[in-house]
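Per TrEMBL, the features are:
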{"type": "TRANSMEM", "residues": "30-51", "note": "transmembrane segment"}
{"type": "DOMAIN", "residues": "30-291", "note": "domain 'Ammonium transporter AmtB-like'"}
{"type": "TRANSMEM", "residues": "63-83", "note": "transmembrane segment"}
{"type": "TRANSMEM", "residues": "122-141", "note": "transmembrane segment"}
{"type": "TRANSMEM", "residues": "148-169", "note": "transmembrane segment"}
{"type": "TRANSMEM", "residues": "189-208", "note": "transmembrane segment"}
{"type": "TRANSMEM", "residues": "220-237", "note": "transmembrane segment"}
{"type": "TRANSMEM", "residues": "249-270", "note": "transmembrane segment"}
{"type": "TRANSMEM", "residues": "304-324", "note": "transmembrane segment"}
{"type": "TRANSMEM", "residues": "362-387", "note": "transmembrane segment"}
Amino acid sequence: MANLNATVPLPSNLIPDFASPEWMNKADNAWQLTAATLVGMQSVPGLLILYGGAVKKKWAVNSAFMVLYAFACVLVCWVGWGYQMSFGDKLFPLWGKANVALDQKYFFQKAFLGMIPNATMVYFQFVFAAITLILIAGALLGRMNFYAWMLFVPLWLTFSYTVVAFSIWSTNGYFSVNGIIDYSGGYVIHLSSGVAGFTAAYWVGPRLNKDRERFPPNNILLMLAGAGLLWLGWTGFNGGDPYVVSMDASLAVLNTHICTASSLLTWLVLDIVFFGKPSVIGAVQGMITGLKWKILQKVDDTMAVLHTHAVAGTLGGLLTGLFAEPKLNFLFYGHYNEYMGLFYGFQMGKVREGFRQMGWQIYGIVFVVVLNIIMTSLVCIVVRLIVPLRMSEEDLEIGDEAAHGEEAYAIWGQGEKEANANNHKYGGGHIEMA
């Protein structure tokens, strides 16, 4: 029988060196970088082209540019102070100390979770912070002053996102140490963006009446391409959160895609039953979430961010309080019977633990909702002291040309505007695109 205690030489590619210290797992690091890039592609180009295709033609450039700006701005703020405020040393139980995450020594140290370096963790957490702001943008499309958006992004990231991220995701955060479960951002990303987007939409005000009444997508195929990137990107979104290449990651990926497909097919069937036709736009909406309530339309939430993300995030948090499975939570948290849904508490004779879990899930929901209403309102109030939150009525009539001096489908020939080309071709007659 072989001696199990005998030393087995490692393959040369697994031998630790200065670039790959003993504490780092090369496979985990490679997957984490890949997962982060998949999540990043959900935003750029995913949501960029989904928003750009889903809005009226006159808002295509503005909508896409809001996404691109937010992605870039969040990254600069993230390494400047945001990451450390979200995952660094504790300032308060709900907030971390502001500090840079830019020096080589820090980047090469072991991250707070997993067997990966800080450089990888900073990148991974950045793409989650970025998509949160980009989801908020979905509620504001078609009327927010771009200069106001430029100020809103860093302010909201600093005073809202970092607080929720630290308190719920940091190992030192108040809700984290008390056992709340937010596996992949149901609270930090979806509930936050939904409530913040709806609140900001209230402060910015509605689109023009004619835009609210008729806001057809300018490019359904482009919208589908964005939706596809969003779908496949969820592989990294949920598969990357265990911070390890494990069965937990595999199960998260498979469950994610089953849920997405089931939601899309459910909406498709409902479209056929109620409207007699399978709708592409409805299928995309169903892929992302569930049903739209009429009561939520009182505030002009362009992409229905509140019900798409806040309602879904709330429901996920509550159902976690009911169905959190001890074995799976052990795989993720490393503590057996500490994280337990109420139904498993009844089944296993640990009712107190089950009620405790449900209590913290509800407490977390209330905290995120209240914080985001207050902080988003304050950010909007501060921003409007500097620049108007909403574009002027005249600019709202025009759209991209007024906001950026550019149009999505206006290039003709060697850079001429289409209208000019048509004037030459048809003797000055004006032809308007649908």
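Heads up, residue numbers simply count up from 1 along the chain you see.
Every residue, even glycine, has its Cβ placed from backbone N, Cα and C.
Contact between the transmembrane segment (189-208) and the transmembrane segment (148-169) is supported by 3 or more Cβ pairs under 8 Å, counting only residues 6 or more apart in sequence. Here the transmembrane segment (30-51) has long-range neighbours at 63-64, 66-68, 71, 114, 116, 120-121, 123-124, 126-128, 130-131, 134-135, 137-138, 141, 222-223, 225-227, 229-230, 232-237, 239-240, 243, 245, 249, 284, 303, meaning same-chain residues at least 6 beyond its ends whose C-beta is under 8 angstroms from one of its own.
Counted over residue pairs 6 or more apart, the CB atoms of the transmembrane segment (304-324) and the transmembrane segment (122-141) come under 8 Å in at least three pairs, which marks the two as touching. In the predicted model, the domain 'Ammonium transporter AmtB-like' (30-291) has a mean pLDDT of 94. Here the transmembrane segment (362-387) has Cβ contacts under 8 Å with residues 145, 147-148, 151-152, 155-156, 159-160, 163-164, 167-168, 175, 180, 182, 187-188, 191-192, 195-196, 199-200, 203-204, 310, 314, 317-318, 321 of the same chain, all six or more residues outside its ends.
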